[in-house]
Amino acid sequence: MQMVMRHRRPEATRFAAGVFCALAGIAALIALVSPAPAGAEEANRLAFLEPEHAEIYGNVELEGTLFFQPPQFDDQRRDDVSMAIEPTLLLEWNDGDTVFTFTPFTRFDSQDDHRTHFDIRDMKIEQVSGDWAVTFGVDREFWGRTEAVHLVDIVNQTDLVEGIDGEEKLGQPLLKLSRLTGIGEFSAYYFPYFRKRTLPGPEGRLRLPLPYATERAEFETGAEEWTPAFAGRYTGVFGDVDLGLHGYWGLSRDPSFRVSRGRLLPVYSRIAQAGIDAQYTFGATLWKGEAILRQGQRNASFERELYVAATGGLEHTLYQIGGTDADLGLLLEGAYDSRGDEALTAFDNEVVGGLRLTLNDTQDTAVLLTGAVDVTDGSASVRLEAERRLTPHITAAVEAQGFFNTADDFVNRGFADDSFVRLKIKYYF
Amino acid sequence: MPPDASHHAPDAPPANGGRALAARAAGFIVANRWLWVLSTLALIAFSAARIDQIWPPDPSARIFFAPENPDRQALDQFEARFAKDDNLMMVVVPEGGDVFTPETLAAIGALTEASWQLPLVRRVDSLTNFQHTYAEGDELIVRDLVPDPGSVTPAEAEAARAVALDRIELLDRMVSADGAVTQVLVRFMLPGADPQQEVPLIVAETREMLERVLAGHPGIEVRLTGSVMINNQFATSGKEDSANLLGPMFLVILVIVGLALRSVFATLAVFVVISLSAFAGLGALGWMGIPLNSVTVLAPLYIMTLAVASTVHILAAARQTMPETADRKEWMRRALTDHLGAIIVACVTTAIGFFSLNFSISPPFRQLGNIVGCGVLAALVLTLTLLPTLVTVLPIRRRTEPPATGVAMGRLGDWVVRRWRLLLPGMTVFAIICAGGITRIALEDDFLRYFDERYEFRQDTDFTEARLTGVNALEFALPAGEAQGINDPAYLREVEAFSAYMRGQPGVTSVATLTDTIARLNMDMHADDPAYHRLPENRDEASQYLFLYELSLGYGMDLTDQIDIDRSAMRVTVALAHVTTADMRAVTADAAAWLDANAPIIAAAWKESHPGLPQVTPTGVTHVFNIISHRDVRAMLTGTSVALVLISGVIMLALRDVRIGLISLVPNLLPAAMGFGLWGYGVGAVTLAIAVVIAGTLGIVVDDTVHFLSKYARGRRQGMSAEDAVRYAFRSVGMALLVTTIGLFGGFAVLAQSGFAVNGDLAKLTAITIVLALVADFLLLPALLIWLDKRSTTMTTRTAAVTAALVLVLAGAATLPALAETPEEKGLAIAEAADRRDLGWGSYTVEGEMVLRDSAGNESRRAFENFTYEREDPSLGDMGIIVFQRPRDIRGTGLLTHSNIEPQDDDQWLYLPAIKRVKRISSSNRTGKFVSSEFSYEDLGSQEVPDYTYRWLADEPCPTDAGLTCHVVESYPKNPKSGYSKRAAWIDTAEYRVQKIDFYNRRGDLEKTLTYAGYKEYKGQYWRPDFMRMVNHQTRKETDLVWSAYDFSAPLGESDFDQSRLPRLAR
């Protein structure tokens, strides 16, 4: 085991460099083998590489987080200020059939070194030829239907330090080949490299009671991060029903944890997983469901287990409430995990209800209020997300979460005093 | 040598491949006689397999209403809300002319009592069990008007008279004003499980009951009418028609065929063929599993009449060969060789004409078309197989003298050829004068008077309408706009005023409304003080009175058929007597206008609950019949056009001559126009039969034309001059045409004797048309042919075609508009024209910018790229993707829409780039604002023609450019979820571009106006605007939509619009 602390480039940077070199190599190869027109000058040989469309856009974010209570653990610091930038370079060829996207992401955090991080969200070449499509590079892709718990979404690793809702993801190196047919799209994925979950450092809040040892992550495969993974996915639409099926074989995105010298070592095991996700759109009501069957994941007691997890519910929208332009969405979802308390997620037997208010004003004001209750131990949390555009280029967002009646178990206890309010100002360019 | 032997000559031009084929087919047919006997047996067995399905006939007036008929749907809804009333009116006529005698009241009591025992009875109303209310002190008394009819004293009878003649609920409804006639009204709840049995059972039991009861009460006469009797009449008239007309029909055919062929066995052969054809047609109906009805019951007679023509052609041809040879097979070989093609064409075109009746909105006519179509095809097969077999097997006597008929026809041909210069203009003028009568045709459907005076039902109904009350009823369901709303005094006053208004309308005999009862109750509750004979002043009183009243009502006397379940609507039944359909349409329109002007609550509630139907419309079987002809004429215009195109195509194909095919249109279409015209001069009023006449007769009259033209064309091909070819055609088929026309006329003349006006009118019009067709074929067509062929040295086929088409268009223009082009049709036609001009663009991309402006002038902008893909299947809407570019925070957000035809919601997916998620979203929010602009989702969704109904209002200068003329078309959304009651669009006549749209909200107020500007033409035919401005008049906000960089050449495919590809386009 490489226990020695030595200087390492951030693994994302190293990986990005690798992918970039590969892409550049392929481009150079194509340029060299492609026959130049007779009499053409050497410079014209690369003329086809000149994009038809090039664009840079993105955003800069300033964020402040206030916690209502002092931290529970000694290393943790109370409040937090941070800044992030996410630009995108977009290049297009062949009427948009060939696209190159590059989206790096960096955050600087005043308190948590682990939250100060760099990632390549996207760096990919996409090529579409009729019913066929190929993606090569680093990409993000969402699978699933439900709002609160994302069971089938397995392509990307969660960028947990960005937000505990798990919506932010790390870029995933992949090669994807898909074909569109009359009944839907079939895709095959090859993931050559594995991304470890980002976890808060000892100074960070919203973590388990023991600090994580992210850099000492263990893999139950010899190839460690280079363990290849494969997946297949089908999505199709049948009238009012959208259906997705998938299979995955490779390292689990969800770490199990092993305690070593008072720290939590993430352990990634090899899993096989099959899942289904579906949505039925019935007028203003959306019925959603996801379910997975997973084998190989270690539970809280560090034992391998074959388990089933499912989540489902509905979203109903009341349009133009009270004669105004505002819409009110009602959310109700439940989550189930056959492992119960042994599950490493907070969502073992949970019910989530929510209200989504969309004002439909020119500032696109939207508010999402959700409450989650664990039906077995009664712990609850309430979360509020609100967003509004201030100027054509600046938006403001508020995110707040309160934890109540927190269960005194290992997974939940760490959050007991971490109710917070977070304000984000984003400038888009 | 027979005068027409030339066409039998073996030296026929070798180029005539069709004839060689016919000769081969004829040889095959004659050689395999026993095969045809076997196949005929198989056909009989096949037809018989399901024949039991068609009997007994369906006894219902409602067979004429298809389930998709919107008036029928309104009627069904009404009956679901209130009650489906099938009533039997037993009109009691006492000998002494006075109802209020102890004897008569006893008889009414006994009838009332006995009627409760009838099967499926729901309720019995009569003078004796009328729920009389009065006050006794503080108490409300509700009791039967004559509590013990068996023992009434003269004084009690007088008391009953005083009450009955004073109550508006009874007067002119249950009892006549002179007290001479009354009725016992029995209402039935027909489950409809076995309609063929229910009505006959009720009528049979009623008759038996009447006999029993009246035996004990001499001096009482009872007449029967009402919807049960109407339905019964529909069934029995069908049976009677088929029984009464079959004999005369056989006789007519026997005489005509016998005279023409002068052979018993030939006539027998004809009878075998036509009877089997009719049986095969009925067999087809059996396989469809549909029982006969009053219209289709005559289908076998149609088939027989039509089948005679083909058989006569074969046998007449055989007669011409008889002098030459005794070989029966040779008779048939020659007859088939000569006539095979013409008979196939004739039968196929006839079948096409009848099959086109499937376009009718009235199921009986569809069924008639299918039975006759199948029967005629069966006749074709049998004429070509079984008939030759019979001729060769039966001992038909050979005649050696040449048929005399050819000579007479030859003379007629000579005369026509000599006089053609006179005949052509003369016949043209005659045709135009005849067709001019079309304007005098009025569509009249009075289903009570579909049956003529020979029927007891008609006599009883006429008596009832003259002496007691109207049998026709318009049913108004007047909405109050909210549950329990009928207790609102303001609403009740509107209903009362409406009832009073209707009582004053011409033809109205009585109006049944609950407000009369409520007013009476108000008086009773105030100690019978006449000052209180008015509606209560407040809600609670009204609701209490009704509650008390309902509690006190006798068995089976509840109010559920007067008030709907949540008490949000009240029923007003208006009975009319001796009125025409036109009168009733006028009454309906007046009622709607009155309600609009004087009943704000009802009018508003109606508009709320009936989007797309701005005015209060009654329902009821009467009302549906009132407008069925108008609907069917429109539906059959399509059917007739389709039949015309198909039939003309068959003729051109058969004659292999486009020019002659076009010429044939004149004698094919003209007879129907002339027939209608003559009908207009002579009779004027016509039932819903009119709609199907053209299509039906087209196929028949075509036969004559085909036979004549095929002989003429052969003559010309053999080098004859036009005159000689006409003479030759007269000689060879003239007699057969005359005989078949006489036969058809005779057959239809028999059918015209039907006492059922729908069948009678259809047969009469058909008979007239067939005779006129022969006149046109003999006198106009030859003249036309000679004239056109004379000019052929200078006139190309093309100009001849143009001339013929012109004549056709003129004839069509004279006939069709009289029956067509209502504002609704014109509106639809404009919408379709606009849609048609915008077909085939494939796909395009365009950049859009929205500028949102509030009433203070503050602006906010959104820029997006739009991708649109046209799906070729018209049952699917277009597909589109909108990808936002600005504001930057929603950059890359994509909205994919697969449009569907209303009322199905569109399919929509939203792509959120921040979390890379494609999410299917609900699209039921039509009225919501798109990105907070003044455009709703509904405004921006793809607009498909069938999503709306239309009405053309006017043509006027365009509001955007006075140099252009615009059609102004209102469209009413079919989807009740639409945010609009209607839209008014200005569409220019030059290129069918929308210039302006006014949007009216559900309350009917003008809400928004959309104007278009900067139209440019792309790909040489597709017009797109640069600029659209939507102004909201209510909020004074506005949104500009600026379009730029239209690109119709972008390489977009259907796969780009799959939800899985959305992340790729949205970037």
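Using N, Cα and C of the backbone, Cβ positions are placed for all residues, glycine too.
As given in TrEMBL:
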TRANSMEM  B:243-261  transmembrane segment
TRANSMEM  B:268-290  transmembrane segment
DOMAIN    B:268-393  domain 'SSD'
TRANSMEM  B:296-318  transmembrane segment
TRANSMEM  B:339-361  transmembrane segment
TRANSMEM  B:367-391  transmembrane segment
TRANSMEM  B:422-443  transmembrane segment
TRANSMEM  B:635-655  transmembrane segment
TRANSMEM  B:662-682  transmembrane segment
TRANSMEM  B:688-709  transmembrane segment
TRANSMEM  B:730-753  transmembrane segment
TRANSMEM  B:765-788  transmembrane segment
TRANSMEM  B:800-820  transmembrane segment
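Touching of the transmembrane segment (B:243-261) and the transmembrane segment (B:367-391) is ruled out by the presence of fewer than three CB pairs under 8 A, sequence neighbours closer than 6 excluded. Relative to the transmembrane segment (B:662-682), the listed stretch B:765-788 leads the set B:296-318, B:730-753, B:765-788 in CB pairs under 8 A. Helix first, then strand, then coil: DSSP counts for the domain 'SSD' (B:268-393) stand at 110 helix, 0 strand, 16 coil.
Counting same-chain residues at least six beyond the ends of the transmembrane segment (B:730-753), those with a Cβ under 8 angstroms from any Cβ of the stretch are 3-4, 7, 244-245, 248-249, 252-253, 255-257, 260, 298, 301-302, 304-306, 308-309, 312-313, 316-317, 403, 405-406, 408-410, 412-413, 416, 700, 703-704, 707-708, 711, 759-760, 762-764, 766-767, 770-771, 773-774, 777-778, 782. Counting Cβ pairs closer than 8 Å and at least 6 residues apart in sequence, the transmembrane segment (B:367-391) and the transmembrane segment (B:422-443) reach fewer than three and form no contact. Residues 412-413, 416-417, 420-421, 423-424, 427-428, 431, 434, 659, 663, 666-668, 670-672, 674-676, 678-679, 686, 689-690, 693, 696-697, 700-701, 704-705, 708-709, 712, 722-723, 725-726, 729-730, 734, 737-738, 741, 744-745, 748-749, 751-752, 795, 800, 803-804 of the same chain sit 6 or more residues outside the transmembrane segment (B:765-788) yet have a Cβ under 8 Å from a Cβ within it. The average pLDDT computed over the domain 'SSD' (B:268-393) stands at 87.
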